[in-house]
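Taken from Swiss-Prot, the feature repeat 'ANK 2' applies to 98-127, supported by sequence analysis. Under the heading repeat 'ANK 3', Swiss-Prot lists 131-161, citing sequence analysis as support. Residues or ranges marked as repeat 'ANK 4' by Swiss-Prot on the basis of sequence analysis: 165-194. What Swiss-Prot lists as repeat 'ANK 5' is 198-227. The feature repeat 'ANK 6' is assigned by Swiss-Prot to 239-268, with sequence analysis given as support. What Swiss-Prot records for 272-301 is repeat 'ANK 7'. Residues or ranges marked as repeat 'ANK 8' by Swiss-Prot: 309-338. The annotation repeat 'ANK 10' is assigned in Swiss-Prot to 413-442. Summarising the annotation, Swiss-Prot assigns repeat 'ANK 11' to 446-475 and lists sequence analysis as the type of evidence. The repeat 'ANK 12' annotation in Swiss-Prot covers 482-511. Annotation comment: Swiss-Prot describes 514-543 as repeat 'ANK 13', evidence class sequence analysis. Annotation source Swiss-Prot lists repeat 'ANK 14' at 548-577, citing sequence analysis. Feature annotation from Swiss-Prot assigns cysteine sulfenic acid (-SOH) to CYS634, CYS859. Annotated transmembrane segment per Swiss-Prot: 722-742, 768-788, 807-827, 833-853, 877-897, 938-959, in sequence order. Per Swiss-Prot, the feature N-linked glycosylation site maps to ASN749, ASN755; the stated evidence is sequence analysis. Here Swiss-Prot flags GLU791, GLN794, ASN808, GLU811 as Ca(2+) binding site, drawing on similarity to another entry.
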Amino acid sequence: MKRSLRRVLRPEERKEVQGVVYRGVGEDMDCSKESFKVDIEGDMCRLEAFIKNRRKLSKYEDENLCLLHHAAAEGQVELMQLIINGSSCEALNVMDDYGNTPLHWAAEKNQVESVKFLLSQGANPNLRNRNMMAPLHIAVQGMYNEVIKVLTEHKATNINLEGENGNTALMSTCAKDNSEALQILLEKGAKLCKSNKWGDYPVHQAAFSGAKRCMELILAYGEKTGYSREAHINFVNHKKASPLHLAVQSGDLDMIKMCLDSGAHIDMMENAKCMALHFAATQGATDIVKLMISSYTGSSDIVNAVDGNQETLLHRASLFDHHDLADYLISVGADINSTDSEGRSPLILATASASWNIVNLLLSKGAKVDIKDHLGRNFLHLTVQQPYGLRNLRPEFLQMQHIKELVMDEDNDGCTPLHYACRQGAPVSVNNLLRFNVSVHSKSKDKKSPLHFAASYGRINTCQRLLQDISDTRLLNEGDLHGMTPLHLAAKNGHDKVVQLLLKKGALFLSDHNGWTALHHASMGGYTQTMKVILDTNLKCTDRLDEEGNTALHFAAREGHAKAVAMLLSYNADILLNKKQASFLHIALHNKRKEVVLTTIRSKRWDECLQVFTHDSPSNRCPIMEMVEYLPECMKVLLDFCMIPSTEDKSCQDYHIEYNFKYLQCPLSMTKKVTPTQDVIYEPLTILNVMVQHNRIELLNHPVCREYLLMKWCAYGFRAHMMNLGSYCLGLIPMTLLVVKIQPGMAFNSTGIINETISTHEERINTLNSFPLKICMILVFLSSIFGYCKEVVQIFQQKRNYFLDYNNALEWVIYTTSMIFVLPLFLDIPAYMQWQCGAIAIFFYWMNFLLYLQRFENCGIFIVMLEVIFKTLLRSTGVFIFLLLAFGLSFYVLLNFQDAFSTPLLSLIQTFSMMLGDINYRDAFLEPLFRNELAYPVLTFGQLIAFTMFVPIVLMNLLIGLAVGDIAEVQKHASLKRIAMQVELHTNLEKKLPFWYLRKVDQRSTIVYPNRPRHGRMLRFFHYFLSMQETRQEAPNIDTCLEMEILKQKYRLKDLTSLLEKQHELIKLIIQKMEIISETEDEDNHCSFQDRFKKERLEQMHSKWNFVLNAVKTKTHCSISHPDI
């Protein structure tokens, strides 16, 4: 369009407009869109100046409008002619941001001349905007009949074009009741048989909109096209709904009468098996029901017709309390005792929905009161649950004998109306029922009395009324089918006020069939207020056991109620083991109840809780070990408590931290028992070994554990390891001296004579050095003998585990080869065997020396890294082997004239050497090429290029990448590996060291001064290279200010809650004294905040009571609505 405007405004293409004067452009302030008005009076230059004025057009750029849209909307035909002259047809159909063309704008503004002009110029009338509206649909919506006529007369207009939701212009005409437009469309060939996406025809739309004139035209035109009025008026949509159904939904009595006069079938049912009569009955449209019933000429009983739920018209009227309609239906013969698919009569349905006018009407008409639904409930069961209960019935009905007999009638669960009233918490209904001398001892099939229901749901006022006139405590202490008394049920659901009332009335602390007391139930739910009421009444009940030996502490810990556990501990509840040898702390740990464990740790009775366990239990071990396995974060908190900082300033020289180690190891008296009891093995450093077993690196790195290991290391670990290292050096150093001082390849003995082996001449050892060499040989021999003895002892100690450690096999190789190397002291052996064993021995001696250095932190980490990288190399051996075979054999075929590749074995070895970078390109490839010795030069060099790419580049980089990744992984877990070795070392040492020595050096705690040096200069220098590094640790701040403030706010809220409850009780007493009737008098719902979750969980359980609760709480209002057409 913009290109068309530019063509219009070009000087060479400008056309003269005769007799027209352009007078400028003004803004129409009355128009909501501030559209332009352009008056053309002949001055073409001023028109050009207006179009070039971008400032005035800028405010329409958001909608992407052009001048032609506004000209069409204003009916400026001359300006439109000027704009489109010289333009293409595309300019006529240009769209704004909403998909509207100039023709849409003209139709919307009822500009007939603009529509005519645009159509004459070739505008497309069938284009639809974003709302699927064509210009014809817009004209129909605006009831612009002239525009409709112009559009329909145009040959290109599709009269049956579908718009929004599949509606044609004919459907929209019926919705507007525009009979003139309908006549125009029908004459131009609009189809009456075309439906929208819901299957509605124009006759449906006319019926729903109450368009009587359009309905008449549609039926008349249908007769002309071969459809009778009766057949046409009974067309159905996708839901099988006829026009009569839609007319009833709209509530237009005249339209309904017109449908009936045209032959609409009253008994026609839609998909939900509902007649139009059921819709009318639901709405309470008495006049419509009367009209339809009086118009029905069929043979069936239309008054008692049922829908898909087997509900009659009277059921529908009863559900929504349509009193007049129900009275009329009864008068014309409606069955007042018919039942629906759930066995509900109109009386039961009206009672469930609190339609009291209908209830009283049905009772006055003699409705049967003994009819029960499929749950066995009569209307009285439902009446007592409603607000004001029996007060809603007329007094004369309550005097009827057959109604009085219903008070003891039971449903399928054996519950009487009194059970229902007590469960719902309706004190007024309870009072009314008790006036009929109803027995409060009546039981349901699960042996529950009304008091059980009232106590279970916290109905305090109901409980007070039931217990008001009792003379004994039999009702209080009766158990149900599971042996649960009202006290059990009230405690189970956390109703502390009910529990207090029952205890005051004489309820006993009995156990149910599972051995659970009221305290067990309250602790399982975590109801601390209820527990406090019980404990204040009977303190000894804390130690009552159920059939499995569980106390209330076990229940609270299993469910994770930390506050309940804290309360029971504060009331000095005994810490006992159940039949599975588990204390409450074991149960909390196994179920990962973090808050319970933390609460127990902070308790004053923590040490007592820790000591309750059996040493021979396989699944319930020491709680510290269980804590490390299941809840390491709690163990961290416990270790934090073992760090006790001093009160001095942290920068002071006297500032110190005391580290307590009592939770990290069993007492020495238990680990060093001469005769183990009950086959229990007490190992040293038990807790640290469990940490290593479960990879608890965060615990092993805790300051307390580090100080504990440092204490062990300084006490005996460092000395023992240095002694072990020194004894190993007694064989390593002499062996090294022998290898260095003696020329390889010569056989020697104790006399210093050298036998000729490889050399062709004889040589002699310097006689001055023969004695030192003899001493070295003896030391190597003795160290090997000592090593043999040590390994044999280890075999008996470690048994099968000895053979699983590859270090032991390495030491056997060292001692054997070194002994063979020095065996010429006693025997003559060949020199080649002697020196081969010597090479093996010296190699493994120094390699094993690296493993000894793993114990030291600074150098041990690098040795661990070397070990892991070597394992990575072994994992990639498969790739090496195949590449070695591939290239080695290939080079053997191509280069077998060279000595290095003359045999397959030598070729493989040379290829392995080339893998390390020793390719020897000049001697092996280049010079043979110049001497024409290569039989296949192209293939040979191609193989060399492939080898270079695969091995030195790709494979080596792959190994480097794996090594780097493994190094990062080792660095991540290096601390765990190092500490694991330290723990293993100290564990093995403590097993071997005597008890008197351990008792002397072992410490229960240690005090560290962070601001003072811990060792002398020489010792610090030595520790820097070999020993564990010291890192300064800060003692954690356990009690933060934020926690204290939250605790203060918590107690303040409790005080406010208590004050409000007292004021509430006082106001209730004032109301009773002044005899004020309150709307809340009938409410009996005292649900505290702490038991709200428990109540919601009970309501979510599947029960037959759910239907009753839903019917009482909400009134279902079925709104019959029809989709927009």
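Including glycine, each Cβ sits where the backbone N, Cα and C put it.
Other than GLU791, GLN794, ASN808, GLU811, the residues of this chain whose Cβ falls within 8 Å of the Cβ centroid of the Ca(2+) site are, in sequence order, GLY787, LYS790, ILE795, TYR802, ASP805, ASN807, TRP812. Cα of CYS634 (cysteine sulfenic acid (-SOH)) to Cα of GLN794 (Ca(2+) binding site): a span of 38 Å.
Under 8 Å, Cβ to Cβ, and six or more positions away along its own chain, GLU791 (Ca(2+) binding site) finds ASN808, GLU811, TRP812, TYR815. Here the repeat 'ANK 2' (98-127) has long-range neighbours at 63, 68-77, 80-81, 84, 89, 92, 133-136, 138-139, 142, 144, 146-147, 150-151, 154, 156-158, 161, meaning same-chain residues at least 6 beyond its ends whose C-beta is under 8 angstroms from one of its own. Cβ atoms under 8 Å from those of the repeat 'ANK 8' (309-338) belong to residues 277-278, 281-282, 284-286, 289-290, 293, 301, 303, 344-347, 349-350, 353-358, 361-362, 365-368, 371, 1116-1118 of the same chain, restricted to positions at least 6 beyond its ends. Against the repeat 'ANK 5' (198-227), stretch 239-268 shows more Cβ pairs under 8 Å than any other of 131-161, 239-268, 272-301, 482-511.
Residue counts for the repeat 'ANK 7' (272-301) under DSSP, split into helix (H, G, I), strand (E, B) and coil, are 18 helix, 0 strand, 12 coil. Of all Cβ atoms in the shown protein chains, 15 besides its own fall within 10 Å of the Cβ of ASN808 (Ca(2+) binding site).
Sequence-remote contacts of a segment are chain residues at least 6 beyond its ends whose Cβ falls under 8 Å from one of its Cβ atoms, and for the repeat 'ANK 6' (239-268) they are 198-200, 203-204, 206-210, 212, 215-216, 219, 228-230, 232-233, 275-277, 279-280, 283, 285, 287-288, 291-292, 295-296, 298, 300, 302, 305, 1120-1122. When Cβ atoms from all protein chains are considered, those within 10 Å of GLN794 (Ca(2+) binding site) total 15, not counting its own. With a 10 A radius on its CB, CYS634 (cysteine sulfenic acid (-SOH)) counts 22 other CB atoms from all the protein chains. Outside the repeat 'ANK 4' (165-194), and at least 6 residues removed from its termini, the chain residues within Cβ reach (under 8 Å) are 134, 136-137, 140-141, 143, 145, 148-149, 152-153, 159, 200-203, 205-206, 209-215, 217-218, 221-222, 225, 227, 1123-1125. Counting Cβ pairs under 8 Å to the transmembrane segment (877-897), the top-ranked stretch among 722-742, 768-788, 807-827, 833-853, 938-959 is 938-959. Its own atom aside, the Cβ of GLU811 (Ca(2+) binding site) has 20 Cβ atoms within 10 angstroms in the protein chains shown. Only residues 6 or more beyond the boundaries of the transmembrane segment (807-827), in the same chain, are considered here, and those with a CB under 8 A from a CB of the stretch are 731, 735, 738, 747-750, 774, 777-778, 780-781, 783-785, 787-788, 791, 794, 833-835, 837-838, 840-841, 844-845, 847-848, 851. Per DSSP, the repeat 'ANK 14' (548-577) is made up of 17 helix, 0 strand, 13 coil.
Note on the repeat 'ANK 12' (482-511): residues 446, 449, 451-452, 454-460, 463-464, 467, 473, 476, 517-519, 521-522, 524-525, 527, 529-530, 532-534, 537-538, 541, 544, 546, 1086, 1088, 1090-1091, 1094-1095, 1098 of its chain, located 6 or more positions outside it, place their CB under 8 angstroms from a CB of the stretch. Within the chain, the transmembrane segment (833-853) has long-range Cβ neighbours (under 8 A, six or more residues past its boundaries) at 721, 724-725, 728, 731-732, 735-736, 738-739, 744-745, 747, 807, 810-811, 813-814, 816-818, 820-821, 823-824, 859-860, 863, 866.
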